[in-house]
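J.: Sharing a structure, written as structure tokens. Questions coming.
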Amino acid sequence: MTSTEGILAGKYPAKAHARRVVEYLRQNGFEGDGVLYLEAQKTKMIEDNDSEQPFRQRRFFFYLSGCLLPDAHLTYHISSDKLALFIPPLDPESVIWSGLPLSPTQAKELYDVDEVLYTTDINPTLAHLASEVGTSGFVFAIDGQISDDISFKNFPETDLVALKTAIEECRVVKDAYEVAMIRKANDVTAQAHVAVLKATKSATNERELEAAFIGTCIAHGCREMAYHPIVASGTSSATLHYVNNDEPLIDLTTNKKKLNLLLDAAGEYKTYCADVTRTFPLSGKFSPESRQIYDIVLEMQTKSLAMLKEGVLWEDVHVTAHRVAIKGLLKLGILRGSEEELLEKRISVAFFPHGLGHYLGMDTHDTGGHANYADKDKMFRYLRVRGKLPAGSVITVEPGVYFCRFIIEPYLKDSELSKYIDADVLEKYWEVGGVRIEDNIHITKEGYDNLTTAPKTADQLELMINGS
């Protein structure tokens, strides 16, 4: 049994997470006793339909329970260190359609909780806990995630803000179980990326490759996608979050395959996400221009990865990626001027407009990054993580170079900025579209662990497409 499989054979560490959240509350001024209260996502019906909407568990609830059941509740009593899960009781009317639900005994075996009760017991339990916490005790819950029939009236104090913040901040640093979940999602995602590479030669439409990806993920245990797959062929790859996924892989004007396909797609394993991007030649061989850009982006990532360890300032890593892009585009003649002047004028933002990466966990764009979307410096405006990276965090490293007319043409029309871009040389690169390479990185005290195993070098990608 592998290390990942061995870790995942155990229970999700819900109680450890509850204790971590309480410690955060204590560090931020909370004293005394109290109760944490959270609700699972409710069963919801499709509007004008008798079918249920696809279910996605609330991440705050899962973090303190490890439970994927809808319509559940939990309480954590701080002073007694007791975590209780409340699950829906058996509904005889639904058994003939859906089978028997999980029993309290079964739930107790599955989840890292001290007690499992039915949801009909939640208000009596809250009333009892209110009597236990004393005259200055708190109940912590999340505004907007409290059912109308839930009563906190017996608690001296109610806080609907602090718990959400505490969980968001605690989620940044992952424990071994969480890292194993992300690694598992990455392992399945890598198999799906390989399946797409192998299907490329015979496919005629983006949707065929999307189907190959999703089918492989489901077959290997990731029934949900971490996000809507991006399967962008040709110049559509210059659109950062292209989602149509239904264009032909043939350029109808030349009757030849488009140059490249950008595949940004990943599976989700029991709420934990991967987030992986690869860009590869649809013909099985990079064009000279595509290979030049691919090599620049790969170097952007390689130089960024070399900087990673506990305490590194993420803004510094982001700037390093821009410096590599500038140097590479200067060498190709696309940019003109000095490296420092191009950096100062933020010219590289025209080709690399997004941030270098984001935290990853139960959400693809995970919590705790403290982005500043109002930043007046356009190089940092879309940087989703600001500040130093702690050991235990998981972050994406996803540099890219894009030839997007919507973004670049305003630079070409600007009398001041246009002098830094050679439009004649640029003309050769529009068909490249966009190149992005994205891996998922676990930060350690001395360095990092790359959780992503999908083929990445240009030679590997070409060999895989060509059946080697």
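Here the Cβ of each residue, glycine as well, is placed from N, Cα and C on the backbone.
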J.: According to Swiss-Prot, ASP264, ASP275 bind Mn(2+) 2; which of GLU93, GLU438, GLU446 is also listed for that site?
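T.: The one candidate that Swiss-Prot places in that Mn(2+) 2 site: GLU438.
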J.: Out of GLU224, GLU315, GLU398, which is the one Swiss-Prot records at the Mn(2+) 1 site of ASP275, GLU438?
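T.: For the Mn(2+) 1 site that includes ASP275, GLU438, Swiss-Prot also lists GLU398.
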J.: How long is the line from the C-alpha of GLU438 (Mn(2+) 2 binding site) to the C-alpha of GLU398 (Mn(2+) 1 binding site), rounded to the nearest angstrom?
T.: 4
J.: Which residues, sitting 6 or more apart from ASP264 (Mn(2+) 2 binding site) on the same chain, put a CB under 8 Å from its CB?
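T.: Non-local contacts for ASP264 (Mn(2+) 2 binding site): PRO229, ILE230, ALA232, ASP275, VAL276, THR277, ARG436, GLU438.
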J.: Around the recorded Mn(2+) 1 site, report the further residues of that chain (criterion: Cβ within 8 Å of the mean position of the Cβ atoms of ASP275, GLU398, GLU438; site residues excluded), sequence-ordered.
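T.: Residues close to the Mn(2+) 1 site, other than ASP275, GLU398, GLU438: ASP264, VAL276, THR277, GLY357, THR396, VAL397, ARG436, ASP439, ASN440.
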J.: Taking DSSP three-state, what's GLU438 (Mn(2+) 2 binding site) in: helix, strand or coil?
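T.: Note: GLU438 (Mn(2+) 2 binding site) is in a strand by DSSP.
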J.: Given the Mn(2+) 2 site residues ASP264, ASP275, GLU438, which other residues of that chain have a Cβ within 8 Å of the mean position of their Cβ atoms, reported in sequence order?
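T.: Those within range, site residues removed, are ALA265, ALA266, VAL276, THR277, THR396, GLU398, ARG436.
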